[in-house]
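The structure appears right after this line, and notes come after that.
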Amino acid sequence: MLSEVQDCACVLYQNTHRRWLRAELSSSLMSRPVLEVVRLGLVPFAEAMQVQRSRVDQLKTRPGSAWTLLLCEHQPVYTVGLRSSLYSDQDLDQLRTTGAQVHRTDRGGLITFHGPGQLVCYPIMHLGRLNKGIRLFVSSLELSVLDVCRHFGLKAETSPHTGVWVGDNKICAMGVHCSRRVTSHGLALNCDVDLSWFQNIVPCGLRDRGVTSLSQETQRTITVGDSVQPLVQAIGRQFNCDVIDQSRN
């Protein structure tokens, strides 16, 4: 008898919680989303992932709460996406001899590099409020980066391959994850990063393509600091949200 009462109470709680989540999300759809910018600076990849997981869990629990835009640079690291089975442990150990860290992740895509001079952006958003699928979400990120390139007088483009390109060279890599309609991971825009790190891999598995940066293409130094505000503004426009950037200098 006690077991039946406990089971009924559990079902009642679950149903009530689902109704509460639906009501909160429905209410939040009536207003523009709030996007909180969090600047982490230069951080190890694992540290950024801890912050990201915390923010993702928060948004899953409260779908109507503020979104987060994590901005950072990483200490040198190679990250591998969901198709990580293509890379053996021996392959990854070889990469560690370069002095970079190596991490397997749950984002889409294959292998890429993150390091100083590269603006990494992790948008944590609820697709239910966007009324978009994951492909349109990625397309909106690509359009945001195209806006940044135009800001610096650079003509870039998208292609059937995910990301943003200047000719046959990728200037911004993208790889995202979505769980319970909450997004994580995101994009990496090459500003004045040391591109020689990419020589150790086949970036994103595309052997006939190269990589480039804002600085290389414009023939002047464009730093992460120069690129942050144009990107934040572009994402705010593309996703029609109210941006809160209390850490802006």
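Think of each number as a place in line: the chain as shown, counted from 1.
Placed from the backbone N, Cα and C atoms, the Cβ positions cover glycine too.
Taken from TrEMBL, the feature active site, acyl-thioester intermediate applies to Cys204.
According to TrEMBL, the substrate binding site annotation covers Arg107, Gly108, Gly109, Leu110, Ile111, Thr112, Phe113, His114, Ala173, Met174, Gly175, Gly186, Leu187, Ala188. Secondary structure at Arg107 (substrate binding site), taken from DSSP and collapsed to helix, strand or coil, is coil.
Feature annotation from TrEMBL assigns domain 'BPL/LPL catalytic' to 63-243.
Residues or ranges marked as site 'Lowers pKa of active site Cys' by TrEMBL: Lys170.
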Gly109, Gly175 as binding-site residues, winner by CB count within 10 A: Gly175
Around the Cβ of Leu187 (substrate binding site), the count of other Cβ atoms that are within 10 Å: 24
